[in-house]
Amino acid sequence: MPKRTDIKKILIIGSGPIVIGQAAEFDYSGTQACKALKQEGYEVILVNSNPATIMTDPEMADKTYIEPLTADILEEIIKKERPDALLPTLGGQTGLNLAVELYENGVLERYGVELIGANYEAIKKGEDRELFKETMESIGLKVPESAVVRSVEEGLKAVEKIGFPVILRPAFTLGGTGSSVAYNVEEFKEKLKVALETSPIHEVLLDKSLIGWKEIEFEVVRDKADNVIIVCAIENFDPMGVHTGDSITVAPTQTLTDKEYQMLRDAAIAVIRAIGVDTGGSNIQFALSPESGDFYVIEMNPRVSRSSALASKATGFPIAKVAAKLAVGYTLDELKNDITKFTPASFEPSIDYVVVKIPRFDFAKFPEADRTLTTMMKSVGEVMAIGRTFKEALLKAVRSLELDRYGLAFPKLTNVDKVELERNLINPNDQRLWYIAEAFRRGYSVDEVYELTKIDRWFLYNIEEIVKFEEVLRKEELTPEILRQAKEMGYSDWEIAKIKGITEEEVRKLRKEEGIVPTFKGVDTCAGEFVAYTPYYYSSYERPYYTVDGQEILDED
């Protein structure tokens, strides 16, 4: 289908001030959308209350309003500008909530403004917990045993049936705002009061706790012709119970069997169709039992989300740009891939590398804050790293956090007693990665750490191997082969030097003398299957050749 010609002017709602759970990711998405729509010849009107963004730069939109993001202000702007359409799916939760309010107040109908990207029914089904539950059950997918309550009295009746622990999720909120886990009645009463106040419609979903299950996310895009693609599947390092924004995440998924992956992929496609998002992207989250393989649908964001920015950068597929073009009538097969200039956007990205995201916390600025990670997001940012292996990407990401830590060593933890160590493994906080490494240094087995953390054993084995290699570096002579192994694993020159008690310059000199230098690999959305005109690159110490019958064959990638 060609682009729509019946709409000329499009209003985009920005995400407003930077808050926990809604930060630069939405500026990144909104900027992409403004550029894409202007490229197609549409007049773009942008409303955002935050002038410190790229999207509010003068050249991004035809007209930019720096105004408070309220329904009354938006009505005045709509009255003045008379846009043909409103695109609310790029402004995070703020954009969605305002679109719903404008629709329900009759403002959109009064001024003849059409919702594009996601219609009112799709937004309600995705965001209203009760409607979402009914929709999932209608297509045969399970959601955790739950109840929607609007008062403390209703909550007390419902929790008798659901039992403890119970997760509280306020409707129409972002970043897990107001959500929590309650383990007894007294705690439940206090947390439910907070959750009810947090929800703009005073509605809270009480969920059966699935703490300890794996959390898997799918970034899905659908068009008007019902073409659906999975842009990326993202696995959470931390099990259920930690907000996905505070969890270390990995793409592609590392621990799923093919059967589990295909099962969740089919479910994700069924969810986006049932909710009715037909011109854009959605983020769909699942809980998967590590024992039985059973799964539940946790939630769905019928909009470009925080994870969409991560998936875009991880794969090279510009989700926000594509979503904006789908909203004005294009189909996936009509849009060309920017990197290959040949394949259509309906061609699912292939990932032949590993991407790791680690959240960045800043508890030093909030000394009174509880560092325990729960269902309410606390991180203030995140870093992303790309490597050929999980170990390499993880260590790259750790160095990018700017915490003056170059690996999994954290000397302060050597004096922590066993009780405190295990308490911090059971109750995850922002230091959990280093506590896990410390446990392995003290001789804990993978199974013992798994019982305390419920983090999948595959991830734990990888961390254990990184820690064990510290001992190899410490005790063995730094031969070219050991140095190469360390670099392939992701160790930095600085960290190797510190372990060996030599200078970073000495390590670098030895490395270069032995020809141990980085090779650069491309992110091209297709794993090298097609010519890439505008790929981006990541460095790796993977050997740039393969051995065939004892002969070294150069890798031409």
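We number each residue from 1, going along the chain as drawn.
Cβ from N, Cα, C; glycine included.
If you look up Swiss-Prot, you'll see 1-402 marked as region 'Carboxyphosphate synthetic domain', on the strength of similarity to another entry. Annotated ATP binding site per Swiss-Prot: Arg129, Arg169, Gly175, Gly176, Lys208, Leu210, Glu215, Gly241, Val242, His243, Gln285, Glu299, in sequence order, evidence recorded as similarity to another entry. Per Swiss-Prot, domain 'ATP-grasp' is recorded for 133-328. Positions annotated as Mn(2+) 1 binding site by Swiss-Prot, on the basis of sequence analysis: Gln285, Glu299. Residues annotated as Mg(2+) 1 binding site in Swiss-Prot: Gln285, Glu299. Among the features that Swiss-Prot reports, Mg(2+) 2 binding site is placed at Glu299, Asn301, with the record citing sequence analysis. What Swiss-Prot records for Glu299, Asn301 is Mn(2+) 2 binding site, and it gives sequence analysis as the kind of evidence. As annotated by Swiss-Prot, region 'Oligomerization domain' applies to 403-553, with the evidence given as similarity to another entry.
Within 10 Å of Glu299 (Mn(2+) 1 binding site), counting C-alpha to C-alpha distances, fall the following of the binding-site residues Arg129, Glu215, Val242, Gln285: Arg129, Gln285. Val242 (ATP binding site) and Asn301 (Mg(2+) 2 binding site) have their C-alpha atoms 18 Å apart, to the nearest angstrom.
For the pair Gln285 (ATP binding site) and Asn301 (Mg(2+) 2 binding site), the Cα-Cα distance reads 9 Å. Among the listed binding-site residues, namely Arg129, Lys208, the Cβ with the most fellow Cβ atoms inside 10 Å is that of Arg129.
Considering other CB atoms within 10 Å as the measure, the emptiest surroundings among the binding-site residues Glu215, Glu299 are those of Glu299. The Cα of Asn301 (Mg(2+) 2 binding site) lies closest to that of Arg129, out of the binding-site residues Arg129, Lys208, Glu215. Taken as a whole, the domain 'ATP-grasp' (133-328) shows an average pLDDT of 90 in this prediction.
Taking all protein chains in view, 22 other C-beta atoms sit within 10 angstroms of the C-beta of Gln285 (ATP binding site).
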